[in-house]
Every structure is written in C-alpha cells, then in structure tokens.
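In Swiss-Prot this protein carries:
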CARBOHYD  Asn111  N-linked glycosylation site
CARBOHYD  Asn135  N-linked glycosylation site
CARBOHYD  Asn190  N-linked glycosylation site
CARBOHYD  Asn276  N-linked glycosylation site
CARBOHYD  Asn287  N-linked glycosylation site
CARBOHYD  Asn452  N-linked glycosylation site
CARBOHYD  Asn455  N-linked glycosylation site
CARBOHYD  Asn477  N-linked glycosylation site
CARBOHYD  Asn495  N-linked glycosylation site
CARBOHYD  Asn540  N-linked glycosylation site
CARBOHYD  Asn596  N-linked glycosylation site
CARBOHYD  Asn722  N-linked glycosylation site
TRANSMEM  749-769  transmembrane segment
DOMAIN    793-1057  domain 'Protein kinase 1'
BINDING   799-807, Lys820, 1400-1408, Lys1421  ATP binding site
REGION    1089-1115  region 'Disordered'
COMPBIAS  1100-1115  compositional bias 'Low complexity'
DOMAIN    1135-1278  domain 'Guanylate cyclase'
DOMAIN    1394-1645  domain 'Protein kinase 2'
Amino acid sequence: MKSIGIFVVALWLTHFCDGGQLGARIYSSGSESSVLLFDQYINKYAFTNGDVKIIYEGKSIFEILSETYVTDFNIFDRAISQDNLDMFQIVQFPLAGQAIVMTYNLPELVNSSYRLVIDRETLGKIWYGAISKWNDTAIQNLNPTVGHLLPDTDIILGYSDDYIMTISGLIKMALSSFSPEFDTELKYANNTFNGMNPTKNGRGHNIGETSTVRLEWLKKTSYGLTYINYADVYNNGTDSTVPMNMYNKAGYFVEPNLVSVQAAMSDFKIFYANNNSTIDIYDAPGNKSWPLAYVNYLGCSSAFGPMADCTRTIQMTNFIAWIYTNDAASESAIELQFYPLDKTLQKVAIDNLYNIKCNNIAVLSQQYLIGFGAPISVMSLWPNSWTTVASTARYYSAPSSQALELQETYGADFGITVTGVPNTYFNKMPDLGVMPLAAFTIVPAYNIPAINGTNGTLILDYEIITDIYLGIINNWNDSRIRALNGIEINRKLPNVSITVIYQAVSSDYNFMFTDFMSKKSPKFAKKIGSTYFPILTLPNNSMIITTDIYDVGNQLISNSNSFAFWPYFGITMLSRQPTVQAASIRTEKGNIISSNSTTLEKAINNFISKGGSIEDAPYIMGENDESWPLSALMTMIYRQSTIHYAAKAAAVADFAYWTQSNPTAINIATIQGMYVASNNPTLKSRNLNLLKNFVVDGEPISSIANCIYQGTICSDMGTCNNNSCLCNSYRKGIYCENIVSSSGESIGIILAIVIPVSFVICCIIIVLVIALIVSIRLHQRVEDEWEVDFHELDFMESLGSGGSGEVFKAMWKGTEVAVKKLVNSNITKDAERNFKQEIHRMTSLRHPNVVLFMAASTRPPNMCIVMEFMSLGSLYDLLGNELVTEIPPVLRIRIAYQAAKGMHFLHSSDIVHRDLKSLNLLLDSKWNVKVSDFGLTKIKDNNKGKSSTKEDSVCSIQWTAPEVLSEKQDIDYILADVYSFGIIMWELMTRLRPYIGLSPAAIAVAVIRDNLRPEIQEEDINLMSSDYVELVNICWHKDTMIRPSFLEIMTKLSTLIGGSGITTGTSTSSSNQSSDYIGPNIITRTKNIHNNDETKNSFGSTTYGSNTISSSSNTESDKILSKLNKKKIPTGEVIIVFTDIISAEQLWHHNPLAMKNATVLYNAVIRETLDKIGGYESFIYKDHNSGEGSFCLVFQEAIDAIDFCSISQKKLLEIDWPEELLDHPAAASEKDINGTMIFAGPRVRMGLHAGTVKIMQDPVTRRYEYSGVTVNIAAKITMMTHGGQVIMSEQVTDKISNNDCSNIKSLGQIEITDTNNYKVNIFELRIEGLIGRFFGGVAFYNYDSVTESTDLDDTYPDSLNFSTNGILYGGIKQENEYLSSAGLCRWIINYDDIQIGKQIGVGSYGIVNMGKWKNINVAVKKFVKQKIDEKQMLEFRAEIAFLSQLRHPHIILMIGACLKRPNICIVTEFMGNGSLRNVIKTTKPEWKLKIKMLYQTALGIGYLHNSDPIIIHRDIKPSNILVDDSMNVKIADFGFARIKEENSVMTRCGTPCWTAPEIIRGEKYTEKVDVFSFGIVMWEVLTCKEPFSGCNFMKVSMDILEGARPQIPSDCPIDFTKLMKQCWHAKPDKRPSMEDVIMGLNDMLGPEKSL
C-alpha cells in the first residue's frame, strides 16, 4: 500500500498538472492538520501578490494521493523518503513545525487550571495496555498536586491506524522510541493499534485519521485520551479537552510551544544543513525539545517541462519563498500555534528552491540572502536600502560566535561579527572571507535629565567607571565625579542614585567592555573580569537587569539617572533629542576625549597603520589621546570559494561592495556615527582584493572582479563599466595600468626631415579637423544615448498639467511612456541650457522609488522628457478615489516609506524637490510609489536663499513650508521638502484634501501667521497610531531644526510596518518585506472624500465561464481590495438588470437643480436595494460616467433580480422628490382608480436577461465591468420598456419556474437581428401593489421582426450602436431610444465634434485651446483634473445647465460641456482680442475706451450678482475679462468654484493681487469680494500696469491684509479715484454695490457712450 501511494505521488509530482488559469490559480491539497495554517498563508499572501489565487483543501492521505493529477503541490505530515525523491525527481521542503499533544477529557479536572504531566515511559505503558486506569500510581506520582482527584476509571484511547505519511504513523514511531515494550507489542500487532491490548479489551477505538475528527470525538468522550495537533486544541478545544505536558528524552519538563518545537528542529539542523529533508524530529535529545514534534513538508516536482509557459511554476515557487521570508507569514502561523522553521533551516529550505527547474532553467530568479550576526542598527537599514528586484536581504541578530558557527555549516549566506574571528575557525574553514565593513565606538552612556542642555558632556575616568560598576560610587553628585567636571555640570549634577543597566545574558558588547575595562583597571579585572556574562553585586535598587541583548538602549532612555556601556549608534537611535548621551573619558595622561567621527577615524587609522590584525581583533583600543579608547570593527564573514550557488555568491559580493561604495549606504552608516571601511585606503584595498578572489568553481563572481587590480578599481584611473575598465583618456591597459605614451615629438622630427614643411602643416590641419569631428561625434554619441526624435513619440491622451508643462501618455518604441512637454512660452535660451543641464543630471538618477527617466527631446519648440508610465496615476487621485473603499493602514505606511526612500535618494544625490506633493507621487501597476517632477529643479547648493518669483509660482501652497512662503533667507529646501512630506502623510492618514475650502492666499497667511496645519482627529490617531501622528507633527513643525531627515523618517516608518529597530529591542529582523496584514477590525473613515472616481480606464479582460474569478491585470490592488471586498461577484451564468430613468433629458432641461437632487435620491435607492438583495453594480461602459440615470446590475440568482426590481420600484414611490420636478409630466404623481399611488417622481424602467458574460476589471478599484451579448440583449429589452415597467426574457423566467409565476405576463417574441437573429420571448413583471400601472405592451419605435404578440405593434431597430453621450440602440433619434438619455441634453457636446486648434492660454481650469464647433469659433477649456467623482459630476451637470441659460451681452456665452474622460471641458464663445490684460498691455487704449470697457465689465458682474441664485465670481481680474473684435468686453471664468479649487493644485495660482482681504483671512464672504477685485481692475486699466508688480505671493497677501493698495497716479480724475477707493475698501460693508459702480461709471462715460 505504501509503495503504491508513493508511486501515485511521484506520478503527480513529475507530471505537474497545468490546469487552471494561467498565472492565476494554484490548486493544492494536503493534510487536515495544515488547513488552519494554509488559510492564514493564503489570506496573507493575497496582500503580497494578488496575481495568484491559491486554493488549499485538507483531505485524508488517501484522498490526497487519489487526486494528485489535479493538484499543483501537496502538503504532507511526513517526509517522502530520499530514494523516492531521487527516483521521481521530487523536491520537498520542511514547512513548519507542529506539536502533537496527548489530550485528555477528565470531568474531575475540568475546573482545574492544572495540566497533567506525563513521561515517555508511562505514555508507552498506557498505549500498549500496561496502564489502564487514570488513577494508576505512575500517573499519580507524576502529578502529585491532583493525584487524589484522578478517578478509578478506564482510560479510553482514540486512534487511527492510517500509517502512510500521517501523524498516526509518527505517533507509533515516537511511542516505539519512548518504550521498547510498546515497540515489541506493536510489531506483534502487525503495526496496528487495532491489534494491541487496549483495543482487544474494549478501551481502544479507531476514531478517524484527522486531528479535528479526534478532537470532536474527545469532546464527547469522558475519560478519553488521544493524540491531537496542538494547533487544533489551542484554536478549537474546550475546557474539557486538555493537552498534557511532558518530560522529554533529556528528562526535562517541557510544554508545547514555539521554543520547544524549534528546539526539536534545531536538534536535527545538521541533517537539514547536509540537505537531508527526509527526517522526522520526534523524541529529540535537546534539553528544551518537545518529544512529539513534527514538521509539515511541501512536495513538488524538481523538473517541470517541457512547458510552453513557466508562469504558474514561477508563481508557485514565489509563494513558497514568501512563506520562508515574510514576517507576516511567520507571525500568523505562531498565533495559531504553528511554528516557523529555525532561521538556519529557513536558509537551507530557500536554497533548495533553486533546485526547482522549468524547461531545465531554475525557476526562482530572485536571490534571498540570509545573514546572522551582532545586533547593529545599520544592518536594519542596509538590507532594506539595497534590496532590488533581483535580490532580497534579511538580517537576524545573533552572537558573533553563532554567526561564525553558521558559516561552518553553511547555515547563513553571510555573517557579521564584531569580536573578530578566532584562528580556530580558519582551520575549519580555510576559505573563510573576513571583510571589514565599518567601525563604531562603544561608550559609557548616561541619562541624566538635570544636565541635559549644558555645554559639553559628562566626564568620567576608568576608576570612576569601575567604582560605579562595583557600587563604590552610587550617586551622581559624588565628589569624584564633580572633581572631573566643570562648574556648569557640577552645579546641575543631581543628588540621586546611579542606576546601572547591564545584560544578564551572553553578549558581544558585554565581552568587549568588560575585557577593555579589565585592561584599564586591575580592580575591575579582579571583581568582574573579562566575560560575556558579567555578574554584578549591586543593591537591587541600583541596577536594572535585562536578559534581552537589544534592550540596554531602551532601558537607558526609559530610566532617568541611568548608566551603561553601549554602542554609540545605539544611543543616537533612541530619540531625536539627545536624552541619552555618551560620556567623555579622561585618559591616563589626563586628556579629555569624546566619541565622535574624528576620534573614531583616528583610532581605526592608527590601528591599521600599526599592522593590527583585522581577522582576530575582538575590539580596538585607542593607543593615543586623539583616538577613542574603545571601538570595534563590524566585519562581514562569508565563504570565499565554496558557496554552492553562483547567483547567490554574486549577490553577497554585490551587497558587500554596495555597502562600501554607494552614497546612500555610506550616508546611512555615517549618520549613525560609524566609520565606513572604504574611507581607509588600506581597508578599501583589502576589501577589493577579497572581492577579486571571491569565486565559485574557480570563476570570479563579483560584478566588478575584472576591474580590480592591486586593490584598486581600474588603477583609480578609470571606471568599471559592465565588468570592464573604461580608462581615462591618458591611460590604457586592461586595468588602466599603463600611461599613454606620447610619440608626437619624434614623429614631428621625422616628418620635418623627410617631408616638406608645407605637407606637415597640411597634415596637422587634417588631424585637427579629424580630432574636432571625433570630439563632436563622441559628445553627440553621449547625448544620443538619451536624445529622442520628438516625432518618434505617438501621443495619446493628456494625463495632466503642471507648473512647467503638460504630461501626456504616449507610445515610444512599442512601450507605454509618460511625456512631459514643456510650455513653449517658457523656452528661452537660458531655459534651454538649464533644461539640458538638468537632463544630464537626471540620466544618472536610478532608484526604484524615483520615476525612471528614459529619454528627452532638447530641441525647441518640442522640448520634452520621456519617463516611465505609472499606470495607477498619482497618490492624490488614489486617496480621493471613492471606488477604492479602503486602504489598510499598513499599506498607507508602506506608501509613505517608499516615498521617503525616493526622497532620501534625491537628497543624497544633491537634489531638492521644491514641489513635493501627493500629485507628484505616482504609483505603478504594483502600487509601488515613485517620486516624480523633481527634474527641472535646481541643485540644492545653488538654491539656498533664493526666492521664487510669482511667475514661477505653482499652486502648491497646501504643501509649501512656511519659511518658503514667507521668503526667508538661507532656506534649507531639504527641510522644506520634509514639511511637504508631513502634509502628504496627513493625506495618507485622512484621505482628505488639505485645507479644503480655503483659497491659496488664506492658506498661506494662516500657515505663517497662525501656524495652521490640517486637523488631526482622534479617529486618525486610532487608525494610524500615535507614533505615526507624532512623525507627522515633527515633519511639519514650524521649527526646521525639529524636522527629521528622510533617513530618520524611513527608520521610523520601517519600525511602524514591522521593520527593525534592533538596538532598541523592537525586532531582530531587517526584512524588506512588510507584513501587509489587515486585521479584522479595519477602521473606516466616514468623512467626505473629495475627488472620487476611477483613476484609469485601463482594463485587463478575462472571460469567465465558472465560479472562479482571477484577474489578468497583474496589479497589486488585489492585495487590498480582494480582501476588503468580501462580497463574491456573480460569475458564470448571471442575470443582467438595466434600470433607466426615461425622459431624463426633458427633466434636466425642466429644472437642472431639482433633477440633480432627484438623481442623487434615485441612485441611493438603487444601491441600497442592491446591497440588501446582494447584487453587483457593473460599470456600464468604460467611458460612461456612473450615476447618470442608468445602472447595469448583475445577480447570481434570478429570484434575487426579480425581488430587486419589485422592491426598488416600490421604494421609488416613497421618496420625497423635489417639488419643482413633480411639475413635469414625466415625473408627476399619479394614482389608480382606487386612489393608490402608482407613480411619483422620475419614471424608471427595468429590463432583465440571463446568460454568460465577459468580465473586465479596473486595475485600481478592482471594480468589474460586465459586457457581451447577454448585456446587450438586456439593454435592448430595457429600451422597449415603459417608465415604471419591468420586462424580462424567457431565460430569466425559466430560472424561477419552480416559484409562483402568477404575476408574470407573457408579451410575445421579438427577434434581435444584430445578434445572429436571436429570438427572445419577453415577459412583464406585474408588481404587487402596482397592478394599476397599465402599459399596453411594450414601447417600440421602429422595431421589426416581432412575432406572436398582439401587443407589439411596431418594429425594433436592427443594429446596436453607442452614441457619444447617451447609449443609443438603433438609428432613430428619439430620447427614449437611449439609456442615460441625460447625455442628450443640448448643452452636452461630443468632444469629437470639436476641431481643436492652438493653445491660447492657461486658466484656473487648466489649458485653453481655440476650436471650431459646427463652423463656429469656440474656446475649449479642458480641465487638468479629469477624475471627477459622481457627486461632483452631477453638480457640474446642474451648473453647466444653469450657466448655459444665462444670456447677457457682457458675460461670455456658455455653449456647453464635454463630460467624458479624458476630455472633460467646457466650451464657450471665442473672443478674438483675447483678455483685457492683453489689450491694455499691448494697445494702450484711450481714456474713453477704458471707461467703456470698465462700464461693460461692471454690467456683466452686476448681471451675475442679480441672477437667481446669485453668482459670485471670486476671481475677477483682467485675464478673466475677454475682449471681442469690436472691443466689447465679457466676463469669463465664472462658476464651477469646486472644480476650480480641485484643479488649482495642478496649475499656476499666481498672486492674490485681486483677492479681497476677507478671502485671504479665510472668512465668510459675499458678492462684495467681486467689488474689491473690480477696484483693483480699475487701477490696472487706469495705469496699464500690473498691481503689486515685483512682489511675491506672501508680500502681496500681507500687504492687502494691512491695507496697502496700488499707488494711484496724481493725474487720476477725482471721481474715478473716489469710486476705485470705495471698491477696494478693507471693510466689505463700506464697498458699493455693483449697481452703484455701474451708475458711477455711467456718469463718467457721459452722453457719448456707445454700447
């Protein structure tokens, strides 16, 4: 039986089923004991990789073996033997440890917290029948506390005799190991429990194979005993099912837990290290080991193929790798009492992953480096910062000695030691590489609040330190301490006890400081000595003992007046303010020395120059008074020539070189007070030689090996490019080791002798010309690497506009890219030169969190930058997208971390952003964040102290630091970027727009004057944690010195997402993989979210014919929404329901505001009913806006769809519709002959059809669009339906044939000719209570092919078309032939009908182009922000409808609007002379014309103020006053205040020259703000100058608030001056009305006015 089972497994593993959807579905089965574990794994993995759907089913071993042809991998409780692994090319991986527990049900002990204890021998006797009673003496002796309670009752045993690869077989083997007698009896019984005495005596029962079954049996069986997985008992047990504790093989008492199971695994690690993955770990010999431990194994083929596509194999392998490397996987397993592998075993398992091959190529391409070593803070940041797409590094803290031992067994890819390498290890490992990476100091550290802030630090000497540790000095005010320190510190030293903190655990740092102090003080050597584990004899109230090797730093900062030796980097990482400080030391010669970069560097350089041994130095003692006396080398250890995998060795080499050469890596170490080894020439040379000799199979493995020569890179005379030297012009040779010799002189002599002088001159000229050409060609070649021909770019839709240009989506060489095209008006000679300089700068910037520069066109007028396309758009849009219903806190923090990482890189590269905001943080398809728009900025050193002019001002006021707003001198723009990042973190926390409702000027004034910041509420703190909020507050702090660097921000955010924090004891791992886990209690913010809509119309498509859904869009949004949206979407054969408001066009024309409100009410009823019934709202079409009157709804069950129609039709009668709308016949209330209300409000028709569909998914929101023939037929059925009527197809009624169908009436048959002459029998649903509705059949227009119906009089159109605004079915232009007929309103324009011309301006909306529509010249104002949510779109519809009705000779005619993305815009009449600003600037009009234009302007403003409702312009200025060819003026840019505000963050905002003071103060305002603006316009027209010229944004704002106004010319007429001053009065109530202004200007015009 066993051999048959193994054979079946082998057949499956070698065949490897390729079923399921490509790259989307992995099916597995395995033991029941692993169900809980895999449920957790699968849930967590969905947040790491949403591209793959993993299914796991727990089954019996025989079921597993019988269905191996349909599974992708299996999980076993036992290992497959090595013979079978080799024979059938199987690879298996130890997955997780579990504890089996003997579990009992004793009613007498139910109320007791005591657990019975059993030993191995006694347990064996119970199971072979020598002990049969619960009160047996052996059991009582083991449990004296409750022995008297044990009953004289039979022990009832529950078991399973399944043996193959089950824990029952493992239990038999364990019991045989426990008891020789049991082993003998088991063999007599043919290896079955069934044949042993307990069963023969009626006390043994075969109760089932699985642990869960045995647990259920035990719950019902008093006095029962069986073996169960501890995870099952822990998660599903009751008070009556209690697991036993045990005495293990070594005789020690143990409990089932993480420690005891991992100890058992560790006992067998030597077998795993030798690649033996077939062992069982029961009855382990260790002191802490659980006797009944076992390991789950995952098995799969090691040789897949031949296969056309290895994607599924790759996905499976990535999942296995994730199990071993993700912290969330380990943590969730531990919570359920499954125990992750020992870290060294994880490393072995990961290495085995590289043995999985597909088509003879290793499947796993990413290299996972595992390192162990001393707890060093830099090792929490270096791996995270280095990790690339191809490599991942993880670092775990362990003593240096353990790091060395793991190298011996290949248990780690690299190690870190801080105590050197003893010579004995070189004997064991001749190829051991020892590479110093950095050095650090170990310091006497103190936390004395009383002396914080004083000049200098506390001074101590070695004898004082000794006496502190011996308890001789126990007060900080001791006279000997005072004698060493100055007056200021002496005055503040407190009279309090010294609290000594030390580690009562073996520690590298213990050894270094005790050995050092023993050499400095004989007294210390005698009393304490050199030891890894010091023992102090201080009073308990004078010391704090910690057993955590990382916790000294935490204890120091948590306990005032404390003292300890600790690494310097450990105290710098504790807090922003120097609460814990390093004491200075007075040396034996009386000199005072402090720990700093200089004294550390001198200590290391002195040690190296004197030939100090790098390999075996436990620490470094400074030998002069300029060197810090105690420092240590942080040294990387690795196997120099025997690493098994070349790719892994290469990754180790690259990581090592990166730490020594990369500016980010060096900066990370330097900031933490470390000295990087590459700063020392000897160490740098030594390390390079080590990399040169780093080999696998004798071949150099480092990516720079071929460039290393005598400890240099290319002899320091060139650069290493693709592992070969590119020499400087005057050097040559493989390593640039030779100087280029000059033979020109001798050649010249020969030529002078041989050739006439004239020929020589000609040759020289030719050489010079050739040299010049070559130089030009070389320079051009460098530029050609990134220069692109503008005409190679295939431009697509606009993605948005910024301060310096517009961004387009484009295709370039078959790749989607983003192209930023510079505004032509900005391109001067200086701008062109600066642009090229910045491009050169950008070509060198490469970072995973910075948008990738790809190419550029530098030739005017088509200057542009080509960048990678970020498919998910900006963070600004994502946060405002209402369809992304939830973003988990951990993902928000990770987004912030990635953004900080990108900014840290820019700052490290000497680049400041100066326009950092959520709009400039972009997301790719995997939700990776990248910083954009940093180009075209200045290098920071050239920018400090410089101000931006108002022409350069981009409206990013919300994110701008107060010092930048106030134009202070010597601005640190690095810290200004940090301020902006604080606002972004607030946006991530709240998903709100900062300072919504305030004008830019009001924001700027409040930020500077009132220190205003966006509001943080209690719910924000609850959602994101107080630590996150604290980081926000210090980022946007007014005091720039308090703001952190981006490196500090990264560290804090890394801690919040489960990153390291080694020195403060928060974690021992530096994994770059966050734990993307969303707990069950996600807090949902209920605040209004502005700007919510789909981010893109980019869909992947998959056709589904089953209940299994999987996206092919490959986006990380699956991580979030696939788990947050628990509702299962309808798939397979579904019911499509269309709902549609008929006559919507008429109702919008009748009263736009009322129709807007009615549409909101209608949408709410449909969605509330849908949620109650359980359907799904589909996108109707990609370019169609939601919520316009039509819904496409999808149901899995027909009865649910019919119930929805009935309930919603009734609910629509209960709504309190707007009275103004009920005046229209298409919405009027109607009653039947009995007085029952049967109609009220807009009439809603509904059509239903059933069938299969095509489903496409949006990559951002994960919302699905349903399409196909079934949807089209449902839409056509809806088109023939009257308002208030519900019609369905026969395919729907067939699905409810078993229900009462008395309320369903047949209407006959129709033929739909555009779907292969599809004939449809249709039926009407008669809704109870609405029977009085009479329709007389269906509503046809010219429908044909209608048969077998007396009610169907007309014919049906023979084609299905889509109109641009409504959804048209057929060619007859009648309103109700459309779904969403709201799109047919006369003021809604099809963008394709407009011929777009040249750009003529940039306004508050965005870009303005000239155009032609129906042979009429028009102005097209296209919004920068194209993502408008449903609520805003309805408001926009209502406002455009209202504004299009306005008619006045002095306001611009609103022709209409285009409502479809990506071309949302408004269309107005075109004014030939442009703006008033342009006219007065270029023509200098005469006085009478000036007064005439002002008079007409006032008339236009007055009309707006007298409209109902009143229209306040808020932005009156000459650029918004347009002039026609006859010099008549019209007011433009009125209305759409909300959309203007949303768009303003993407466009230039200029200065508030025309803004009334009440707006700047953020107060409520009236139409008098327009009067104020008009007063400024009067001055501007008067003088033909720009107000407040030369003043920046903040000066203008403050001047207006302080009452400053433009200077009035002395020759200005008195009446004009008086009116102007009245208009711009500071107090609104003192300003005239526009009627008064009109009268005043009318008087100035006199009788000659010509209007």
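Keep in mind that glycine also has a Cβ here, set from the backbone N, Cα and C atoms.
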Please list, for the domain 'Guanylate cyclase' (1135-1278), how many residues fall into helix, strand and coil according to DSSP. 60 helix, 39 strand, 45 coil
Please give the average pLDDT for the domain 'Protein kinase 2' (1394-1645) in this predicted model. 85
Check Asn495 (N-linked glycosylation site) against DSSP and tell me helix, strand or coil, would you? coil
C-alpha spacing of Val1402 (ATP binding site) relative to Asn596 (N-linked glycosylation site), in angstrom: 55
Considering Cα atoms only, can you say which of Leu799, Lys820, Val1402, Val1408 is the nearest neighbour of Asn111 (N-linked glycosylation site) among these binding-site residues? Leu799
Quick one: of the recorded positions Asn287, Asn477, Lys820, Val1408, which has its CA closest to the CA of Asn135 (N-linked glycosylation site)? Asn287
Rounded inter-Cα distance in Å - Asn455 (N-linked glycosylation site), Leu799 (ATP binding site): 55
To the nearest whole angstrom, what is the C-alpha distance linking Leu799 (ATP binding site) and Asn495 (N-linked glycosylation site)? 67
For Asn135, Asn452, Asn495, listed as glycosylation sites, tell me which one has the smallest number of other Cβ atoms within 10 Å. Asn495
For Val1402 (ATP binding site), what is the secondary structure by DSSP, using just helix, strand and coil? strand
Cβ neighbours within the same chain of Asn276 (N-linked glycosylation site) - under 8 Å, at least six residues apart: Gln82
For Asn111 (N-linked glycosylation site), just give me the three-state DSSP call. coil
Please identify, among the glycosylation sites Asn287, Asn452, Asn495, the one with the smallest Cα-Cα distance to Asn477 (N-linked glycosylation site). Asn495
Could you tell me which of these glycosylation sites, Asn190, Asn287, has the greatest number of Cβ atoms within 10 Å of its own Cβ? Asn287
Based on DSSP, name the secondary structure state of Asn190 (N-linked glycosylation site): helix, strand or coil. coil
Would you count the other CB atoms within 10 A of the CB of Lys820 (ATP binding site), including those on all shown protein chains? 23
Sequence-ordered list of residues in the chain of Asn722 (N-linked glycosylation site) that lie 6 or more positions away and have a Cβ within less than 8 Å of its Cβ, or none, is none
Let me know the DSSP-derived helix, strand or coil state of Asn596 (N-linked glycosylation site), please. coil
Between Asn455, Asn477, Asn596, which of the glycosylation sites has the fewest other CB atoms within 10 angstroms in the structure shown? Asn455
Quick note, Asn190 (N-linked glycosylation site) and Asn287 (N-linked glycosylation site): C-alpha atoms separated, nearest Å, by 34
Which of the glycosylation sites Asn287, Asn452, Asn495 has its Cα nearest to the Cα of Val1408 (ATP binding site)? Asn452
